[in-house]
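Sharing the feature lines straight out of TrEMBL:
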type	residues	note
DOMAIN	4-217	domain 'Porphobilinogen deaminase N-terminal'
DOMAIN	237-308	domain 'Porphobilinogen deaminase C-terminal'
MOD_RES	C252	S-(dipyrrolylmethanemethyl)cysteine
Amino acid sequence: MTFILGTRGSALALTQSGMAADQIAAAGNFEVELRTVRTEGDVLTGPLSQMGGTGVFAATLRTRVLDGSVDFAVHSLKDLPTAPCPGLVVAGIPEREDPRDALIARDGLTLEKLPAGARIGTGSPRRAAQLRLIRPDIEIVDIRGNVGTRLARVAGFESYGNQSTPAGDCDAVVLAASGLRRLGFEETVTDYLDPTQMLPAAGQGALALEVRESDVEKATELAEAIRAVDHAPTRWAVTAERALLARLEAGCAAPVGTFARLEEQTLVLDAVVANPDGSESLRHQATTSDLSADGAKTLGEKLADELLSMGAARLANLTL
Ligand SMILES: NCc1[nH]cc(CCC(=O)O)c1CC(=O)O
């Protein structure tokens, strides 16, 4: 028996999909074959933050699962829209990788040691706003592209790129630690940005394994194997983060950072909402001892409501 896993074709997507495929094949008694699917997010160019918001990477993969041309899909959870997709179920969320953002700077510099006026590359309004909160004296450069292309923007890291894109024109870039680690590029990191300084995107570092609802209802071999790799503490954490994002009606392009983790027997959720220029921000925390998907969702919604009552919508220009 062989099941087909639909994946994007980037190096990061192929690596993550390969890892998930191995886990699933080990949990079940079957083979998993990868099939590359070109998504709208891979084809279009221009700033990601202006590409029609959420779901540019996930939409095509979802169509392929729904129409049966592949059996399941692996998504980076942070790229997956918070609205559920009719006919599909995220049946497995494996244990999360490092959720932090990481700085890759020239000459081994840290965020604190970068000189005034340093150019930091990121295409993420969330990262840009939080970087400006910490270092109002730096310059943000809007960049996009795959991990290698972005690393190549840093002086001294040009060899990670492919020559046809700009290189070496920034003092630093910020990327997700998880992606760098999965690709074996961990040694490029010169400073890990702790969640106390910089809150990651909802779901950052976690993967979502999505399968047809009919497979879950029939408890097929594939659906059962996907369910077996689900990691409950990760699921609670990302459920809280995504419920917060959904309540704020903030997509991946909004300057919202959030991170949940289990401390003893308590789920602790932090969130920050900033204005795009990083001159103002609201940061808040909520906790629950109800360790369940429902408890996590309620926690996320409660923290979002508290942020809204503190003025989050006006601050971040959220369209509520
Ligand atoms: N927005 C692109 C994206 N989507 C998922 C990851 C990898 C990190 C993860 O596993 O969440 C990245 C790269 C990045 O942000 O540096």
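Cβ coordinates are placed from backbone N, Cα and C, and glycine is handled just like the others.
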What is the three-state DSSP composition of the domain 'Porphobilinogen deaminase C-terminal' (237-308), stated as helix, strand and coil residue counts?
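Grouping H, G, I as helix and E, B as strand yields 27 helix, 25 strand, 20 coil.
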Looking only at the domain 'Porphobilinogen deaminase N-terminal' (4-217), report the model's average pLDDT.
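Its mean pLDDT is 93.
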